[in-house]
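*Asks:* Residues or ranges marked as transmembrane segment in Swiss-Prot: 8-28, 53-73, 81-101, 116-136, 155-175.
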């Protein structure tokens with residue numbers, strides 16, 4: 001691996017480590033997303049805590065954290081596998097941020113950015129899948145999980161297995177991070193889109 005490729009991976013991880021949910025809640029003087037609602041510092045929890053504006057800002061920045069390094073890797077390296085690995089490192093930064101004690105979000109919004117950066121078709125597959133499941137079920141977590149699996153596996157059909165492997169690893173990590181959501185979906189206790197945040201120990 002040359003210096004450029006290594007630099008792209010480091011840049012992706014460090015950018016991914018900037019947790020916008022925590023920063024946005026601090027700027028808007030909202031409770032920390034790590035102590036309210038689901039306890040997850042991500043877009044959905046910010047939406048429950050502070051409403052549309054903070055959530056949109058959080059979502060936009062988290063998407064950019066995935067989009068920017070992947071586009072740069074694509075342009076600068078011209079290597080699909082390195083670009084896919086850059087996507088993986090951006091996700092790892094978001095989920096295990098060095099700046100926040102390695103305790104971050106669940107990676108879905110950043111995944112959207114990496115998918116659009118890698119191929120707009122993959123990004124579109126994710127968004128359409130998410131919207132369809134969300135409209136039918138009103139479960140943000142279920143929508144994210146289904147969209148993550150479908151979009152990540154779709155890389156196999158747009159590239160080869162080696163290039164798809166980092167995205168398949170991303171899908172596995174995101175599924176594991178949503179273990180609690182999956183358990184609550186099964187038990188019927190998962191919050192739906194539009195539900196207000198509660199104290200962490202009373203919430204999903």
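Our numbering is plain: 1 for the first residue shown, then up by one each step along the chain.
Each Cβ is built from the backbone N, Cα and C atoms, and glycine gets one as well.
Can you walk me through where each of these features ends up in the structure?
*Replies:* Counting only same-chain residues 6+ beyond the ends of the transmembrane segment (8-28), those with a CB under 8 A from a CB of the stretch are 34, 41-43, 45-46, 49-50, 53-54, 57-58, 61-62, 65-66, 68-70, 72-73, 76-77, 82, 85-87, 89-94, 96-100, 104-105, 110.
Here the transmembrane segment (53-73) has Cβ contacts under 8 Å with residues 8, 11-12, 15-16, 18, 20-21, 24-25, 28, 30, 42-44, 46-47, 79, 82-83, 86-87, 89-91, 93-94, 105, 109-118 of the same chain, all six or more residues outside its ends.
Beyond the ends of the transmembrane segment (81-101), by six or more residues, the same chain brings 5, 8-10, 12-19, 22, 41, 62, 65-66, 69-70, 72-74, 107, 110-111, 113-115, 117-118, 155, 159, 162-167, 169-170, 173-174, 177 to within a C-beta distance below 8 angstroms of the stretch.
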